[in-house]
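As structure tokens, the structure follows; a few thoughts come after it.
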Amino acid sequence: MNKKLRFNICHLPSSFLKDIEIQDIKSRIQACIDEDLQYSCNFWGFHLEKSNFSKEISNNLELFLNEKGLFWIEAMNIMGVISRGQPDRNTYLGMRKYHKLLSHFMQLGSTFSMSEVKESTPHLYLSILPFWADVIPIAQNFRKLMKVLHKSTTAKIACLKVNSSVLSVAISPDGKRIVSGSCDSTVRIWDAETGSSVGQPLQGHDDSVLSIEFSPDGKRIVSGSHDRTVRIWDVETGSPVGQPQQGHDDSVQSVGFSPDGKRIVSGSDDRTVRIWDA
């Protein structure tokens, strides 16, 4: 893995294509990730967990994770087996003792494996890694790589700095704004070009914001929360529109606007769907 893993190992042409849309993807994998490398990528964690821990192993592991760990996640995703790289809980807890970096890589791999963008492997670098910047060592270690990517692609890489887990995001219809809902109970608006915060956090929810969406005209935001309420916000002023919509008996997991922007629909853990006058 130290010798063969590298950035864009299968020479994928674009982040605009899903891996399966690349006509010769299977032959690319066979040519660029040989059987020895495939085996190593799939089972090195198993061998590590069964080995006798030593300082030498710890040092080699840290070197590998710092230099090749991200490329390992890339290779696993291209092969379509990234979820196999996530050990069961007991094995994971046993492996964590080797190095804290391993825990970070497992978290990142798990995040990528559960995301929609995993269908296009380049988005590991363009859509997942930037949101981890300044949060964990893995992003800091690959900062230089991110700068290279920024210079070599038309895609803008913006790092949105949030102090708590982000549970929901949406992009405005004109693509100029991003809105996020967080475990800190706030709704935040970001400039999609620069990644900078727009105004102050929108406060009002009493618990984690689980779902969020822009209205079709981009002037309103609707949010659903673990506090069982649906709230509407004015994008321009950041102020709440009306009172919280109450009626659900459990967390509001999904929200959306009708095409004309006059209605809001919400889905909840209470097993009901509700329609609201926007």
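Each residue, glycine too, has its Cβ placed from N, Cα and C.
According to TrEMBL, the feature repeat 'WD' maps to 163-200, 202-243, 245-278. Per TrEMBL, the feature region 'Disordered' maps to 237-270. What TrEMBL lists as compositional bias 'Polar residues' is 240-256. If you look up TrEMBL, you'll see 260-270 marked as compositional bias 'Basic and acidic residues'.
Taken residue by residue, the compositional bias 'Polar residues' (240-256) breaks down under DSSP into 0 helix, 7 strand, 10 coil. Beyond its flanks by at least six residues, the repeat 'WD' (245-278) meets 210-217, 220, 222-226, 228-232 of its own chain at Cβ-Cβ distances under 8 Å. Broken down by DSSP into helix, strand and coil, the compositional bias 'Basic and acidic residues' (260-270) contains 0 helix, 6 strand, 5 coil.
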